[in-house]
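Take a look at the structure set out below.
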Amino acid sequence: MEPAAKQKVIYITYLIAALDITWLFLQFSITPYLARRLGFDTIWFGYLQTTVGVIQLLGGPIYGRFADVFGARAALSVSCLASVVYFLLLAVADNTFMLFVHKLPAVFMHTLPGAQMVVADLSEDEKRADALGKLGLCFGIGMIAGSSLGGTLSTQKGSSNSVFNLGEITRLMKFPGVVKTFTVKIISGLPAGIFQVMFSIIAINFFQLKAEQNGYLMAYFGIVQMVIQGAVIGRLTSRFSESSLMLLSVGISSLVGLAQAMMTNVFHFCLIVIPMMFSLSVFNVITDSMLTKSVSPSDTGTMLGLCASVQSLLRTVGPTIGGFLYEAYGVPSFGYIQCIINAAVFSFLLTTGGRSQPNRP
């Protein structure tokens, strides 16, 4: 494709991603309040979140392999169709059973990884992190629009043709640097993932926020992320190495955890959000970029599917671990765990000197 044609496809992909994230965060905003109205307590809401995590954990690698076999366009089409079914079921979810059932299409709902596949395929290696960062700008826009609308609505109401091939996934893990980066992605991201899946409960019980106020807070998240992903990450990736930026993000994440442990009100949290979103945005973009550069172009879909499955894994174990920590030790426990784990990861990365960039196979 000509460069202009590639750029046009990337812009269209950005639009698709922004719309999908808008609808996604709309339902993120209303689901906790809908669950409460249907009689869910903290434990059952955790089960609901765990169900979503399990479903997407199973679907992530399959979706990535599907994209490698049939192409990113087919994968995006399947994801968009799954989203339609998902929201139709949500519209008729008037009991606890239907609230669980409407989560089933989430097994194929991986529009953002699909968009990342397109961007990764069409962008040059040296510009990939910047391009993925711009995709994060769309994420921020969708987060603002979806969260605000959701709050308002709540107030008013391989070589083989097989899609799943464990051998292909295992083969990717053997490329230089993949296991290390992937392990860091899981371990460092676990504490933040636990906090994120428990945030709706924290917002209601700890911060005592109403649905509309929670929507405004989520919109604030989106504004911060939009600025960081759209205006900051691109400049950082052009001046610093990816291994250095990963080290920086992990270090900041450790300090954010300490601040979270000491916060007492929503104002403190709003101050913490800026470095928190910076560390999360940089960490996710950089690790995704490093992992896709470690494999061949034909395997980027599978790799990004695996990256998406990490988030699903965190959503799977997060509610169970988070529910226990919340009931037994309170909100500060999330911060202390994040501080300790990321400090250990930071020390590991510092002593090993980061990861050198291998040549793409």
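Cβ atoms here come from the backbone N, Cα and C positions, even for glycine.
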Look up transmembrane segment in TrEMBL and report which of 100-119, 240-259 it refers to. 240-259
Surrounding residues of the transmembrane segment (240-259) on its own chain - C-beta under 8 Å, 6+ positions past either end: 129, 184, 188, 191-192, 268, 272, 275-276, 278-280, 282-283, 286-287, 289-290, 334-343, 345-346, 349-350, 353-357
Cβ-based contact of the transmembrane segment (42-63) with the transmembrane segment (216-234), 3 or more pairs under 8 Å: no
Highest Cβ pair tally under 8 Å against the transmembrane segment (333-351), stretches 75-93, 182-204, 216-234, lands on 182-204
Can you name the far-off residues of the same chain, 6+ from the ends of the transmembrane segment (182-204), with a Cβ under 8 Å from a Cβ of it? 28, 31-32, 36, 42, 45, 49, 53, 173, 214, 217, 246, 250, 253, 257, 260, 276, 280, 283-284, 287, 291, 306-307, 310-311, 313-315, 317-319, 321-323, 325-326, 331, 334, 337-338, 341-342, 345, 348-349
